[in-house]
């Protein structure tokens, strides 16, 4: 009895060590799932797109505030012209089914609708700032994300898991934090001339963005990046050019051109061209939804730059907002979505792993295989 007594006080130690080991093992599994090379690469690519959007926002604001130049359609027209000169011309010199004329004969009307959606989405969002408030634009612009997920569900047959909806909710919470920081910092100083019209423009623009992004994902993954950019460049140039002559010819005629204004136009066009050129590459390895979640940080980058250029007031909520959005983005990318193949004739539908976040799924499978071997 005396020999056994010393063992009783130490009995819980193996249990404690086992619980601690399980906890650290859980942490390692979470770290291995959330901070893989593919997720880090996706984060980097998403923030690169955010910086491009930040560049377009800063140059546009500089033109509007310092030089009183408000010509969003002219700025978009220059970008579409660059896409036309590079990607449309590239399609013209291709042979076979990838040739420009062959594509136009088969799908010209589809690309007209795509070009119209893309041009009007850009125009409506910018025009909405004249009618409604900054807060309304930032909040209602997020309406495009659930629209995008719904379109992906029905058109691309994307199937989401619970964690994806949680991740989207976290990202939207981060946007709400950013809007709250704007109000506390006093940036909400424009009541707008007609809030209802502005809000409707934002909702329509966000919905058109969602349509354009879903079409972009389908074309990039099923056809080619060059075909998407070439056809958007062609019809975007035509549509924006016509609209430019109708709605902005007086504004363009009143511009007092100098080298600074020209430089800002060039900077805007280059940022927008890089955004259009790189976004299909990111969408191809992830999805349109994850890209739209990643670029929610673009407004925050613009705010940080505005601290130095436009005298914005800093708030710690901006850092919190950025952190919350990035947490939601990482959560979304941590688990791949699934693609449900449509049923053919009498064969029942088969659910399989889609190409959305395929690299992360392959890495996950390799880790599981390695664990099984051990």
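Note that Cβ sites are derived from N, Cα and C of the backbone, with glycine treated the same way.
TrEMBL entries are annotated by machine, without manual review.
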Could you tell me which of the ranges 196-216, 343-363 is annotated in TrEMBL as transmembrane segment?
196-216
Transmembrane segment per TrEMBL: which of the ranges 13-33, 76-96 is that?
76-96
Which is it, of 118-135, 316-333, that TrEMBL names as transmembrane segment?
316-333
Other parts of the chain folded back onto the transmembrane segment (165-184), taken as Cβ under 8 Å at six or more residues beyond its ends:
134-135, 138-139, 142, 145-146, 149, 289, 293, 296, 299-300, 303, 315, 317-318, 320-329, 331-332
Any contact between the transmembrane segment (76-96) and the transmembrane segment (316-333), i.e. 3 or more CB pairs below 8 Å with pairs at least 6 residues apart?
no
Short question: most Cβ pairs under 8 Å with the transmembrane segment (39-64), which of 138-158, 259-279, 291-310?
291-310
